[in-house]
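Over in TrEMBL, the protein carries these features:
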DISULFID  Cys215-Cys255  disulfide bond
DISULFID  Cys441-Cys480  disulfide bond
DISULFID  Cys486-Cys491  disulfide bond
DISULFID  Cys488-Cys523  disulfide bond
DISULFID  Cys493-Cys508  disulfide bond
DISULFID  Cys510-Cys515  disulfide bond
DISULFID  Cys531-Cys562  disulfide bond
DISULFID  Cys536-Cys545  disulfide bond
DISULFID  Cys568-Cys573  disulfide bond
DISULFID  Cys570-Cys616  disulfide bond
DISULFID  Cys575-Cys585  disulfide bond
DISULFID  Cys588-Cys591  disulfide bond
DOMAIN    6-419  domain 'Integrin beta subunit VWA'
DOMAIN    595-682  domain 'Integrin beta subunit tail'
DOMAIN    706-752  domain 'Integrin beta subunit cytoplasmic'
TRANSMEM  683-705  transmembrane segment
Amino acid sequence: KESDMLNSHTLLYLLPIRTRCDELESLRKRGCDKIENPHGSQRILKNKAVTNRKKGAEKLRPEDITQIQPQKLSLNLRAGEPQNIILRFKRAEDYPIDLYYLMDLSYSMKDDLENVKNLGTSLMKEMSKITSDFRIGFGSFVEKTVMPYISTTPAKLLNPCTGDQNCTSPFSYKNVLKLTSNGQQFNSLVGQQQISGNLDSPEGGFDAIMQVAVCGDHIGWRNVTRLLVFSTDAGFHFAGDGKLGGIVLPNDGKCHLENNVYTMSHYYDYPSIAHLVQKLSENNIQTIFAVTEEFQPVYKELQNLIPKSAVGTLSANSSNVINLIVDAYNSLSSEVILENSKLPEGVTITYQSRCKNGVVNEGENGRKCSNISIGDEVSFNINITAQGCPKQGKPESIKIKPLGFTEEVEILLNFICECECHKHGIKNSDMCHNGNGTFECGACRCNKGRVGRQCECRKDEVSTEDLDKNCRKDNGTDICSNNGECVCGTCECKKRDNPEERYSGKFCECDNFNCDRSNNKLCGGHGRCECRVCICDANYTGSACDCSLDTSTCLASNKQICNGRGNCECGTCRCTDPKFQGPTCEICPTCPGVCTEHKSCVQCRAFGTGEKKDTCERDCSYFNLIKVKDRDKLPQPVQAFPLMHCKERDANDCWFYYTYAVNNTEKEVHVVDALECPAGPDIIPIVAGVVTGIVLIGLALLLIWKLLMIIHDRREFAKFEKEKMNAKWDTGENPIYKSAVTTVINPKYEGK
């Protein structure tokens, strides 16, 4: 189509037979004298400066305070050509704040309610340090008023608490106090609140958040900073949990407050997290989750899903709630994050942020700046690009705004889809076959029922046999190579879905997408495809431009191409010496090293020694020998030609040093003319050491012998002493001794 254009291409007026859309230089070379080359543009429609004022100055209405500039622009987009806009953002001092305190009034929060009763005046006093225009409101929630979330027995509906505790009837959400600047009224109304109760642990807080977000008139939100403090010591129900109570209808995201009470909790399910995120973002509400330490991990995960939200640790009795709110507000307000509305089809947007202290962020981080103090100014570079024209070609608009702020930038998008010359077309022009079309932009736009470049044919003539012959390359080929239609004897090539791909040629026999590929890229990504043949970039060759002419990948460690043992082909070494292998022909398992290879010749020529000293002149004249005085004078590898440093030992255990290099095919050897020979042994210390060793060894042997003898003598003496102690004399009578006295006893004697 005549309206199809790419960023680097232009439209041609007066060449109806040849391609009308091409690169600018190509069109000029072909003799085009009327070229239309439109470019995108931008116009600022509203550019109110950001507000510069100090706290205590004249009070401004919220709508008179400006924090982002400009506010409205109009862009003309050409396909593929980005338009850059710069947005400035500055945190205004003394900016008004609306804070709504949404509190869980289940029984576990009984002690917390006592501390919240004086929150109004205390928070008013603390927030006066930040802003002079502060309003506060209060709401409470418990749970859906159906089983199994609460007990529906009549007694429990009146008093859900056990024992002598006096609790109010359960409810889903109640708007207790509309946003007000009267802190005493807050204290008074909150002081009248009573605790309630439910059965399960998670609460129905999501129902309450949804109503706070969408019921702006009931809550009293202004177009200022909107803070929602969500205070609880439990988890939450979300979409799907309503099925437990027989509630299957999804939350409709609309306001259902009657007399400041949510009346449809039994009818609509809990909202999903995504639905809640959408409504909070639409209404520019920043959420502060004030929760107990036990539920910190749960709400931290929720914070990651809700933009511009913060989580603070609530003490067991909510005594720290004021500090928590102030800290969370400072954290939220110190970060600005830009978001845009849904982009039209084919339009892309990129961000780059320029934050404090020269910090520049790109990509997804380019949308935000952190650590912004009051009065700090940051900027964002935004590129908007259209990849083509929308189907309708109608103007579109997008909006960009900082999350949590009511201000936004409106950008009107107009697309350059037609050339200016279309406006000056000549209807029923004689140049279009006797008035059968409109002559515009150097070509004919045919009337209904007519076809051809000059509208010379009727539609019922386009398939006749005579005309088809002009559309065949030869009798054996298809009409227009099966890549187009024969219109009045001329091939009209098909259009591809991808505008970068196209058929060309008289018979549509050429294309720019059917060339050889390498690494799954057309022409290896190193050339362009013309008529199914790759035209390679410099330093590349081959049918798929996959052969690199760069030899840097073939350099060996000695800086020689393929180590001097092969040829560099397509960036890879092909080794000519079969003994060498590897990516740079440096690996040779059976070869001596370069140093070993030239050792004998260097020895004989430099020192007249070595294996080849007798055949030196015949075998070793292939290199130039240069002698140097010491090793520091040897050439270094950083010089222009590659070289190898060598260190070898001769038959006398003397070391000699040299380098081997190839300089423009000339082989050069630099050798140190002095040998490094080991010094002879020192005889005196050796003899003294040997004598001393012998004497010491003799003394050691004598001492060992003497010690063994002492041990042996002591053992023998101990044995003698033991035997002496054990010796005993026999004291019995001699068996041959006979006594002189004989005693006879009368057996009949009775001793009477």
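Any Cβ shown, glycine's included, is placed from N, Cα and C.
Confidence across the domain 'Integrin beta subunit VWA' (6-419), taken as the mean pLDDT and rounded to a whole number, stands at 84.
Between the candidate disulfide-bonded residues, Cys255, Cys480, Cys570, the densest Cβ environment within 10 Å is the one around Cys480. Proximity to Cys510 (disulfide bond), judged by a C-alpha distance within 10 Å, picks out Cys531 from the disulfide-bonded residues Cys441, Cys531, Cys573.
Taking the C-alpha atom of Cys575 (disulfide bond) as reference, the shortest distance to any of the disulfide-bonded residues Cys486, Cys491, Cys536 belongs to Cys536.
In this structure, the C-alpha atom of Cys255 (disulfide bond) lies 56 angstrom from that of Cys441 (disulfide bond). With respect to their backbone Cα atoms, Cys523 (disulfide bond) and Cys568 (disulfide bond) stand 21 Å from each other. On its own chain, Cys568 (disulfide bond) has Thr551, Thr553, Cys554, Ile561, Cys562, Arg574 as residues at least 6 apart in sequence with a Cβ closer than 8 Å to its own Cβ. Neighbour count (other Cβ atoms within 10 Å of the Cβ, all protein chains): 13 for Cys531 (disulfide bond). DSSP assignment over the domain 'Integrin beta subunit tail' (595-682) gives 20 helix, 29 strand, 39 coil. Of all the disulfide-bonded residues listed here (Cys486, Cys515, Cys531, Cys570), Cys486 has the Cα closest to the Cα of Cys493 (disulfide bond). Shown in sequence order, Cys480, Ser481, Asn483, Gly484, Cys491, Cys493, Lys494 are the residues of the chain, 6+ apart in sequence, with a C-beta less than 8 angstroms from the C-beta of Cys508 (disulfide bond). Looking at Cys573 (disulfide bond) and Cys515 (disulfide bond), their Cα atoms lie 27 Å from each other. Cβ environment of Cys515 (disulfide bond): Leu522, Cys523, Cys529, Arg532, Val533, Cys534, Ala544 lie under 8 Å away, each six or more residues apart in the same chain.
Cys585 (disulfide bond) and Cys616 (disulfide bond) are 30 Å apart (CA-CA, integer value).
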